[in-house]
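Read through the structure below, which is laid out as structure tokens, and then see the notes.
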Amino acid sequence: MDTGGNSLPSGADGVKRKVCYFYDPEVGNYYYGQGHPMKPHRIRMTHALLAHYGLLQHMQVHKPFPARDKDLCRFHADDYVNFLRSITPETQQDLLRQLKRFNVGEDCPVFDGLYSFCQTYAGGSVGGAVKLNHGHDIAINWAGGLHHAKKCEASGFCYVNDIVLAILELLKQHERVLYVDIDIHHGDGVEEAFYTTDRVMTVSFHKFGDYFPGTGDIDDIGYGKGKYYSLNVPLDDGIDDESYHFLFEPIMKKVMEVFKPGAVVLQCGADSLSGDRLGCFNLSIRGHAQCVKYMRSFNVPLLLLGGGGYTIRNVARCWCYETGVALGVEIEDRMPQHEYYEYFGPEYTLHVAPSNMENKNSQLSLENIKSKLLDYLCKLQHAPSVQFQERPPETELPEADEDQEDPDERYDPDSDMDIDDERKTLPSRVKRELVETEPKDQEIQKGSAENAKGYDTTGDDATFTKFFVNNQYFQALDVGSVSIDEPSVKTEQETMNKPTDQMQL
Ligand SMILES: [Zn+2]
């Protein structure tokens with residue numbers, strides 16, 4: 001499957017990029033069920049476009065190695081992973097209690113091959129992270145980006161959180177990892193996982209207000225050591241390219257300046273495009289892809305992932321064009337003939353015009369958002385200093401040979417063991433419980449230790465910090481810390497909005 005990757009000149013900055021791409025030919029066969037908006041077929045359509053535009057020959061193409069149980073358990077609870085592995089459409093009627101407990105059934109249905117699907121999309125993202133750890137500049141997994149999945153709960157069409165797993169892999173090699181999310185929905189699962197650490201900064205641009213998942217208020221900025229390391233950019237209906245980039249570029253420029261990540265993960269959910277079946281933004285494909293172009297311009301190892309996207313012809317258009325951006329190739333608008341050509345009529349072009357819908361984001365609101373977020377970033381004058389304890393051993397793999405065929409070379413069979421052993425020695429591994437006070441209508445109610453009881457965090461590979469706000473528990477991964485010079489972390493109240501019941505990726 002490997003077609004021999006290479007580097008291409010990237011255009012303006014003239015720097016070459018070594019790009020690898022993960023794709024499993026089976027992925028398009030998974031089917032969430034009749035009428036379900038999430039269609040893995042869109043990944044196969046994207047791949048067909050890449051093939052017919054001649055882009056595959058410029059990248060290393062890999063079939064992902066399926067993520068193993070123990071890979072998934074780096075973030076997810078053992079019992080949740082066991083459940084995903086064992087549930088089938090035939091047995092689900094007997095497991096109603098568990099279905100409810102793990103939020104599986106309706107928006108996140110049980111379907112044939114569910115667990116293999118999870119292993120495939122997570123394997124692509126973790127494999128991409130391993131490639132970046134070993135010298136690739138850009139890794140792409142359009143099947144990944146399922147940002148809503150929680151430690152022990154499916155959510156918003158997502159079952160396992162491949163993004164969290166990929167970031168954990170990157171953290172083996174990099175002190176700091178930046179996560180950027182341009183899906184129309186808040187990247188809540190990733191934010192929660194890293195809410196209390198300064199080693200991962202999350203920045204999510206999303207529709208906010210009466211919209212799934214309900215979190216992502218501008219005032220949610222992280223907690224404890226993670227304070228100011230979660231950023232949320234709440235947007236309203238109809239945002240266009242110009243308004244989006246009025247925020248995206250200055251904010252991301254400042255983030256790159258102050259946080260100085262060793263690697264960047266960009267979730268490219270395409271439900272923020274104009275005309276999406278579930279979305280309400282008005283971005284063009286070029287506007288969406290400008291985010292990729294901009295993040296690429298910093299020349300920091302970059303993992304590009306998919307995510308939402310429900311008007312599937314536009315999803316394929318978008319991710320094909322963005323693959324071109326990753327390679328530094330501008331592809332022509334007229335679409336080549338291919339097996340899904342009929343999906344793209346009547347235009348048969350890559351680009352489609354955005355609509356004339358109203359942009360509800362006023363210039364004043366955009367300016368206020370920008371200045372508030374830049375203020376937060378000013379509190380991080382310096383990147384956290386480099387002293388994370390007992391750095392896990394690097395996964396010493398032979399650098400991928402350009403012609404190498406074996407997709408498994410990404411994995412060092414000893415790697416996980418070593419890392420697990422090493423992590424046990426981290427002082428921060430001690431389980432601790434953190435019961436945050438609960439801000440509610442300006443009235444502070446103490447969360448009690450009793451509230452926290454019964455929340456089982458045992459038996460997992462990872463350790464978690466719990467925090468309790470708005471009558472809800474949240475759990476963040478314990479990934480150590482890189483202490484910051486600034487005494488900016490204080491005991492201020494941070495709030496998180498209560499998620500709503502709507503379900504969309
Ligand atoms: Zn989404």
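Numbers run from 1 along the shown chain.
Note that Cβ sites are derived from N, Cα and C of the backbone, with glycine treated the same way.
Here the structure is a predicted model, which means the values were calculated and not measured.
Substrate binding, as stated in TrEMBL, involves Gly156, Tyr310; the candidate among Asp94, Asp107, Asp210, Asp217 given for that site is Asp107. In the record from TrEMBL, residues Asp183, His185 bind divalent metal cation; the candidate from Asp112, Asp271, Asp276 listed for the same site is Asp271.
Residues from the recorded positions list (His148, Asp183, His185, Asp271) with a C-beta closer than 6 Å to any atom of ligand 1: Asp183, His185, Asp271.
Distances between the Cα of His148 (active site, proton acceptor) and those of the binding-site residues Asp183, His185, Asp271 are shortest for His185. A count of other CB atoms within 10 A of each Cβ picks out Asp183 as the most crowded of the binding-site residues Asp183, Asp271.
Under the DSSP three-state reduction, His185 (divalent metal cation binding site) is assigned to coil, being neither helix nor strand.
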